[in-house]
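Participant: I have a structure I would like to understand better, so I am pasting it below and will then ask my questions one at a time.
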Amino acid sequence: MNIEHYDAIIIGGGKAGKTLAPVLVKAGRKTALVERSLQMIGGGCINIACIPTKTMVASAEVAHTAQNSAVYGVNAGVPVVDLDAVIRRKRAVVQALREVNLHNLENALGHELIIGLGRFVGPKTVEVQTDEGTRRLLSADEIFINTGTRPLIPPLPGLKEAGFLTSESIMELEGAVPEHLIVLGSGYIGLEFAQMFRRYGSRVTVVGQSAQILTQQDPDIANAVQKLLEQEGIGFVLEAKALRVDRSGSTTVLQLHVADGKLNLEGSHLLVAVGRAPTTDILNLAATGVTVDGRGFIPVNDRLETNVAGIWALGDINGGPQYTHIALDDYRIVRANLLEGGNRSRNDRLVPSALFIDPELAHVGLTETEARHQGLDIRIAKVDAAAVPRARTLGRTEGLLKAIVDAQTGHILGCTLLCQAAGEVISTVQMAMTARLPYTVLRDGVLTHPTMAEGLNVLFSKL
């Protein structure tokens, strides 16, 4: 079989890969992009993660607003959630974005957009089993691995036999809203689905292994989130170790070990949301010499290069923060270093994050716990969201705002916002931190009134 040679091959069309491909073509490099399925064009974010989940979160927020409409002087009655209609809307949003991405890639690559499963069969050689049933051999001087992650499924006895949902399959759960959804996992993914389905009308119980949900956050923040969710009727079983799963008729039984002994938690559905696993096992990396770590992720240096010259790992697959905006910045690093003669590094980037519960939780920089662990001399500012006028006009005064500042320089070290529009406002803080501006710039800045961003005036005035 003939080997088709390219200047560059991209395996996986996620945010980094799909953005890099047209730029390589424009730079004169003959480029192929291998994507396993037309249903995954654009990557995980568009098809199975960020976009579909936030679309379904929006439906849950509408249901919640209608449920509480009397507070605003509007009697909307009792809302009825049509889960099938929610899913149809989600599919339409995803399909529209997928078509845009397909159009862009076809324009840039033409027939070099190859749909099929790629795996290494030599140091710089990739075999593709195409969706048309043919086999192609490709080689390239430069290869970019961008295959992303999938839901992590723990080796829990009885799990596969009993049946379970993942963050992907739960978004295709047509029919009646689950009567009682058990969520195994108290991190970002689990909490978004917990609140979503509670607002759809399900009874929801979250099971966490640690004493604190959101273990990467400060205890005061995590406790505030838990309290908000409990007020909506979500139950929590923490410091619990899952032992096994059984299915009895229409009931799923999750057996747990808790402080008081064993607990059998019964529900109609079980969502497993304990993390993400790298999609490296299908790549046959041994054929090319690329190493993986103990979890299966591909280690890279600060320029995103693997241990093999001419092979990069971009996006979630390299074990960094699993955010689409990080994958986009991975692309920028490669573009700068490979095409523009730069020396850009991932070491100096400041990564914001957002949890799309309601109210949103957003964070950037160090937490108080991390700053104190590093022995830094810090000052802490904290204020309730109710202190922000816009929160009162919205009738959404839940939450708090918190900032960590260097006591000597006045530079902002970190910020956490649990409030309306937190995911938007945190970018203002991130830009100030990136520019190394003192906190007084946000304290004294002329910010539009009344907006949630104005809360930064309020927050930093507490120092």
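Heads up, the Cβ atoms here are built off N, Cα and C, so glycines get one too.
TrEMBL: automatically predicted annotations, no manual curation.
Under the heading domain 'FAD/NAD(P)-binding', TrEMBL lists 6-328. Taken from TrEMBL, the feature disulfide bond applies to Cys45-Cys50. The annotation FAD binding site is assigned in TrEMBL to Lys54, Gly118, Asp316. Feature annotation from TrEMBL assigns NAD(+) binding site to Gly185, Ser186, Gly187, Tyr188, Ile189, Gly190, Leu191, Glu192, Gly275. Residues or ranges marked as domain 'Pyridine nucleotide-disulphide oxidoreductase dimerisation' by TrEMBL: 351-456. Marked as active site, proton acceptor by TrEMBL: His449.
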Participant: Report the nearest neighbour of Cys50 (disulfide bond) in space among the binding-site residues Gly118, Gly185, Gly187, Ile189, Leu191, comparing Cα positions.
Facilitator: Ile189
Participant: What are the DSSP helix, strand and coil residue counts for the domain 'Pyridine nucleotide-disulphide oxidoreductase dimerisation' (351-456)?
Facilitator: 38 helix, 33 strand, 35 coil
Participant: What are the other residues, in sequence order, whose C-beta lies within 8 angstroms of the center of the C-beta atoms of Gly185, Ser186, Gly187, Tyr188, Ile189, Gly190, Leu191, Glu192, Gly275 at the NAD(+) site?
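Facilitator: Apart from Gly185, Ser186, Gly187, Tyr188, Ile189, Gly190, Leu191, Glu192, Gly275, the close residues are Val183, Phe193, Ala273, Val274.
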Participant: Reduced to three states, what secondary structure does DSSP give Cys45 (disulfide bond)?
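Facilitator: For Cys45 (disulfide bond) - judged by DSSP and reduced to three states - the answer is helix.
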Participant: Could you round the CA separation between the residue listed as 'active site, proton acceptor' and Gly275 (NAD(+) binding site) to a whole angstrom and send it over?
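Facilitator: Between the Cα atoms of the residue listed as 'active site, proton acceptor' and Gly275 (NAD(+) binding site), the distance comes to 40 Å.
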Participant: Pick the one among the recorded positions Cys45, Cys50, Ile189, Leu191 whose Cβ has the fewest other Cβ atoms within 10 Å in this structure.
Facilitator: Cys50
Participant: Report, as a single number, how many Cβ atoms besides its own are within 10 Å of the Cβ of Asp316 (FAD binding site).
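Facilitator: Step by step: centre on the Cβ of Asp316 (FAD binding site), count other Cβ atoms within 10 Å, giving 31.
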Participant: Roughly how many Å lie between the Cα atoms of Gly275 (NAD(+) binding site) and Cys45 (disulfide bond), rounded to a whole value?
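Facilitator: Answer for this pair: 15 Å between alpha carbons.
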Participant: Please work out the number of neighbouring Cβ atoms within 10 Å of the Cβ of Gly187 (NAD(+) binding site), leaving out its own Cβ.
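Facilitator: Excluding its own Cβ, the number within 10 Å is 18.
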Participant: Compare the C-alpha of Ile189 (NAD(+) binding site) with the C-alpha of each of the recorded positions Cys45, Gly118, Asp316, and give the closest one.
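Facilitator: So, of the listed recorded positions, the one sitting closest to Ile189 (NAD(+) binding site) is Cys45.
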